[in-house]
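Here's the structure, in C-alpha cells; my notes come after.
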Amino acid sequence: MRTWLLNLDPITKGIWLLSTGLAAIVTLNLSWQSAWFGAVLAIGLSGADWSLGRWGKTLLWLLGFGLPLFLFQWLVLPGETPWLRAGGLVLTAEAYRDSLTLTLRAMTLFLSSLLYASTTAPRDVVVALSHHMRLPDRFAFAVAIALRFVPLLTEEAARIRHAQRMRQLAPPRGLGERLGIARRYGVTVAANALRHVQEVATAMEVKRFGAVATRTHWRRLRFAPAGIGVAAASVVAAAATCLFG
Amino acid sequence: MQHRPAERFSLRSLTLSEWVLMALLAAANGVLTSGLSWVNKLLHSMGGPMLTSSLVGLYMIYGLLAMYIIRKPGAALMTYALGACIQILVGTAYGAWSAIAAAACYAIVIEPIFYLFHYRHYNWGAMLFVGTAAVPLWFVVSAFMFGYIQYESWVLIVTLLIRCLSGMLLCGALTKVIGDRLAPTRAVRPFALGRDYREHQG
C-alpha cells in the first residue's frame, strides 16, 4: 500500500516544500529551527515509505555533512561568551547556538528536498505545470523532456567515461594531462548529447506538437484532503515562523 | 552577412529544437548538480562558503551555454527556469528556494547584459565579463539565505573574490571553450552558433 506522502499531488506537496524552505531560511531561532527539522523528519518517517537502508544512508549523509559544518561554523562564527578553551582557541556560546541553528537549517532544506523528489512522479508534475498552473505547453514539455534526458545523459556519460578510460593505457599524470582528459570527456559528452536534440525535435514536430491551441490531458491530478490540509498547515506554520520565529 | 536575432523576448521566437536544446542543457545541469551537490556539501562542511565557492561557476554554465548557442532573447532565462524545475524534481541539497533564487539571480543579470550587447557579442572579453557579473547578486542573496552574513567580513570578501574568479573561469571561459569546440560540429548547425560559424568560415 502507498503511504500518504506518495498519494499527495505535486502542487500541495510543492506548497509544503516551499513553506518549509521559507520558514527554515527566515528563522534564526534555534527552537523554531529544531521544530521544523523535527516536523520534516516526522513527515518523512510516517509518509515517505523509505526502507531502513535508505534512511540509514540519508541519516549518514546528514551527519556526514552536518557535523563538520557545525564544527567549522562554531570556529568561525563570532561570539562573546567564552564556553570552551583549547590552547589559543576560544569557542563561544553564541557561536555554538548560531552554528547549530544554521546546520539544522541546511539539514531541513536537504531532507525536505529529498522527500519531495523521491515521492513525486515527474509525469504528475508536467500535468500540474501545464494543466493546473497554466504554464505554456512548451515549457511544461521541456521539463518533461529534461526529466527524460537525466537518466539517458547519466548512462551515456558513464559509457563515455569507461570507453575513454579503457583507451588510456597508463593512468594520467600531472594536472595538464588530467585537464586534457576532462576537456575531451566534456566535449564528447556534450556533442553526443546534442545529437539527441534534432531527433527529439523532429519526432515532436512529426507528432504535431503545439499545432493545436488547447491540449487535452489523459492524466488527472487528484487533490486529496490530506494534501490540502498539509499545504494549509505548512503555510500557517511558515507565516507564524516569519512573524514570531 | 551576420545573423541578426530578434531582440524582443517571446516564447514563440524560440523554435522547438531550441526548446529541446534548453531542456537538454537543464537536464545536464541536473545531472551535474546532483553529482556536485555532495562534493559541494563536503566542501561546505570543511571550508564553509570559501571552499564551496570554488565550484560556483559550474552551476551557472548551462544558461550561459544556452545563450552562446541559441543567441536569442530569453534563452538564458528559460534555460535557468527549466534548470530550477529539474533541480527541484531530482532533489537538491540546498533546498527548492535556493534552486529558484539562484536561477532567477543568474537570469536577471545575464539576460540584460546580452540585451545591451544586442545578442551579438560573444568574444572572450564579453564571456569572461558575463561569467563574473552573474556572481555578485546570487552571492548577496545566498549570504542571507544560508546565513553567511553571520560570518566575519574578511570571510565574505574572500568568498566573493573566489566566486567571481570561479564565475569568470568555470562559467565564462569554459562556456567559450565548449561552445567553440562544438561550433564546427553537425549538432549545432541548426542553431545561431553553427550558422555564425559557417558564415564566418565563408
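A Cβ is built for glycine as well, from the same backbone N, Cα and C atoms used for every other residue.
Features reported for this protein in TrEMBL:
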type	residues	note
TRANSMEM	B:20-39	transmembrane segment
TRANSMEM	B:51-70	transmembrane segment
TRANSMEM	B:77-94	transmembrane segment
TRANSMEM	B:100-117	transmembrane segment
TRANSMEM	B:124-148	transmembrane segment
TRANSMEM	B:154-179	transmembrane segment
Two-stretch contact, the transmembrane segment (B:100-117) and the transmembrane segment (B:154-179), at least three Cβ pairs under 8 Å: no
Stretch-level contact, the transmembrane segment (B:20-39) and the transmembrane segment (B:124-148), CB cutoff 8 A, at least 3 pairs: no
Spatial neighbours of the transmembrane segment (B:154-179) far in sequence, C-beta under 8 Å, 6+ residues away: 48-50, 53-58, 60-61, 64-65, 68-69, 122, 124, 127-136, 139, 143, 148, 193
Long-range environment of the transmembrane segment (B:51-70) - Cβ separation under 8 angstroms, sequence gap at least 6: 14, 18, 21-22, 25-26, 28-29, 32-33, 36, 39-40, 43-44, 76-80, 83, 102-103, 106-107, 110, 114, 122, 127, 130-131, 134-135, 159, 162-163, 166-172, 174-176, 178-179, 182, 188, 191-193
